[in-house]
Amino acid sequence: MSEHGIKWACEYCTYENWPSAIKCTMCRAQRPSGTIITEDPFKSGSSDVGRDWDPSSTEGGSSPLICPDSSARPRVKSSYSMENANKWSCHMCTYLNWPRAIRCTQCLSQRRTRSPTESPQSSGSGSRPVAFSVDPCEEYNDRNKLNTRTQHWTCSVCTYENWAKAKKCVVCDHPRPNNIEAIELAETEEASSIINEQDRARWRGGCSSGNSQRRSPPTTKRDSEVKMDFQRIELAGAVGTKEELEVDFKKLKQIKNRMKKTDWLFLNACVGVVEGDLAAIEAYKSSGGDIARQLTADEVRLLNRPSAFDVGYTLVHLAIRFQRQDMLAILLTEVSQQAAKCIPAMVCPELTEQIRREIAASLHQRKGDFACYFLTDLVTFTLPADIEDLPPTVQEKLFDEVLDRDVQKELEEESPIINWSLELATRLDSRLYALWNRTAGDCLLDSVLQATWGIYDKDSVLRKALHDSLHDCSHWFYTRWKDWESWYSQSFGLHFSLREEQWQEDWAFILSLASQPGASLEQTHIFVLAHILRRPIIVYGVKYYKSFRGETLGYTRFQGVYLPLLWEQSFCWKSPIALGYTRGHFSALVAMENDGYGNRGAGANLNTDDDVTITFLPLVDSERKLLHVHFLSAQELGNEEQQEKLLREWLDCCVTEGGVLVAMQKSSRRRNHPLVTQMVEKWLDRYRQIRPCTSLSDGEEDEDDEDE
């Protein structure tokens with residue numbers, strides 16, 4: 001192989017780079033990637049189109065179904081010169097027309113008859129193009145799908161394209177028409193498709209002239225008349241159509257350039273469900289793909305089949321829609337093993353990313369000696385009151401998908417830690433719900449953001465702020481931590497002293513935990529998070545570590561109140577958030593929106609409007625003992641009355657008619673962040689569309705069958 005042959009040419013600047021280069025040396029453009037996704041080749045009658053293609057070039061001798069655009073692959077030699085040789089030039093405007101055109105496409109001038117001395121090659125009539133190799137990725141694009149159209153018959157009711165062996169439409173169950181009607185319908189569609197393909201190729205011009213060459217079918221009289229009428233009509237809007245095609249082509253190219261291997265495998269699996277190809281689903285599963293993944297707007301646009309694909313659809317939705325019972329059994333098994341969940345952050349990834357950017361923009365660092373990071377916005381997440389308007393079966397499905405039932409059971413039934421007061425949970429509408437989140441070391445950060453903004457800390461924005469605050473304000477937090485640990489040990493009768501080096505080693509370990517994504521966090525990190533939020537954090541948790549046999553191993557020390565004591569009180573909010581702790585896992589505890597009743601609590605006239613939701617969070621446990629306040633200094637430590645006084649200074653407290661000391665958490669849908677409100681509405685719309693009488697496994701009816 002020569003030196004020229006082993007190099008790859010850049011698709012932007014045409015510079016020839018060495019094979020080891022992953023980017024262009026001149027313009028730094030990314031090296032084009034090859035074919036990624038393959039599936040079994042179609043068994044069509046027009047398989048001779050790709051006869052010169054070697055199946056061994058792809059894995060398993062299969063041909064690709066969905067792959068990146070041809071612009072993202074290494075360039076192949078174009079057949080542009082061959083196409084131009086077969087075209088005839090108009091004697092009026094010199095436009096190069098297709099050989100079968102009897103009039104000029106641009107000026108509609110009559111084609112001149114061939115001169116007796118003119119060679120067949122120059123005129124283009126009667127000459128046959130030389131066979132060439134077809135790009136496998138372009139063999140199955142929209143233009144070459146004309147060759148496989150004979151395998152399908154179109155339903156006369158819903159226009160769905162069914163396979164040839166289907167006796168009735170798989171969407172609407174309409175019986176297949178007789179052979180004469182089917183042939184006429186197929187001919188009509190083929191004629192219109194040919195017209196559209198000619199139009200597309202003409203407006204793309206030289207940009208698309210290097211694509212796969214097609215063999216033209218014999219032109220009938222009816223086709224000629226239709227094409228002539230179509231050409232006359234389209235000339236008026238030619239410029240606008242060309243610009244729209246160019247914009248659409250550029251947009252699709254940008255989307256394809258952002259796609260990764262997993263994305264192509266997912267799209268291939270979606271098409272595999274529609275076409276009945278189980279191998280595509282197996283390929284996606286074997287790559288570690290998420291079965292519950294949903295289609296985005298860009299992916300739907302790339303698939304370009306609105307009748308089959310819609311935003312938010314999963315593989316399960318598609319299997320139900322197209323009645324793939326064998327695939328549905330496999331997919332539902334996978335989803336059940338993953339204990340499928342659907343929280344608001346999962347429904348709309350685009351809104352979730354915008355919320356993450358809002359959080360990052362609202363993080364600022366305080367100037368001065370105490371250079372701690374803080375959030376500028378006060379946001380409290382609550383479950384929408386519209387949930388109660390849903391049918392009972394739909395409500396049960398919603399709670400199964402958004403709540404952590406195991407945590408809820410452990411905090412409510414196994415130990416009376418939350419919702420133990422009937423007065424708070426029922427009469428005052430302050431029942432707490434444990435939201436599901438990732439069961440990893442990031443659960444504390446996830447639960448904090450879920451209790452405020454309703455999303456995960458996926459990009460570790462909050463973890464980075466936590467680490468930077470601990471590092472920049474290390475002296476302040478270290479002093480509080482050291483004094484608290486010494487007092488806590490002495491309160492249990494453990495009288496010991498550590499060298500300063502040992503204290504420093506333990507503190508360095510706490511700092512290292514904050515910088516490692518996925519690392520479990522401790523009480524000190526909750527104390528720092530209270531300063532970042534500028535609001536108190538109340539943790540309701542189990543008191544003891546237990547083994548798998550149920551044996552008590554030690555105290556957990558997480559339950560209690562964490563106040564932002566190092567800030568000024570005027571700089572902080574008094575509305576707290578609540579977290580739950582069970583066996584090494586944190587969960588966000590949120591309430592449901594209520595009507596904002598007045599005069600709730602003994603002598604407490606709230607004087608609030610109906611839009612404000614007030615949740616009463618108990619500051620005592622089920623035994624009516626005051627919750628511990630963590631990280632108090634020696635001057636702030638005292639008896640229970642002094643700690644209650646401190647709580648009243650940092651929280652809006654009141655006593656209910658039952659004598660329970662509570663803190664008021666206030667939230668308002670109208671004053672909440674609009675992105676959070678929009679995300680919750682989109683999530684709730686998913687359940688509003690579910691019919692209560694459904695018998696489908698995923699709880700959704702196929703609402704669009706009649707629109708197909």
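For all residues, glycine too, the Cβ spot is worked out from N, Cα and C.
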For Swiss-Prot, the entry zinc finger belongs, out of 84-113, 414-443, 534-563, to 84-113
Which range is zinc finger per Swiss-Prot? Of 149-178, 629-658, 659-688, it is 149-178
Cα of C107 (Zn(2+) 2 binding site) to Cα of C10 (Zn(2+) 1 binding site), in Å and rounded, measures 38
Closest by Cα to C27 (Zn(2+) 1 binding site), out of the recorded positions C155, C172, C443, H585, is C443
Taking the centre of the Cβ atoms of C10, C13, C24, C27 as the Zn(2+) 1 site, the remaining residues of that chain with Cβ inside 8 Å are E11, Y12, T14, Y15, N17, T25, M26, R28, A29
Here the 10 Å Cβ neighbour count for C169 (Zn(2+) 3 binding site) comes out at 21
In chain order, residues whose C-beta lies under 8 angstroms from the C-beta of C10 (Zn(2+) 1 binding site), counting only those at least six residues away in the same chain, are E16, N17, C24, M26, C27, A29
For Zn(2+) 2, residues beyond C90, C93, C104, C107 with C-beta within 8 angstroms of the site's Cβ centre include exactly H91, M92, T94, Y95, N97, T105, Q106, L108, S109
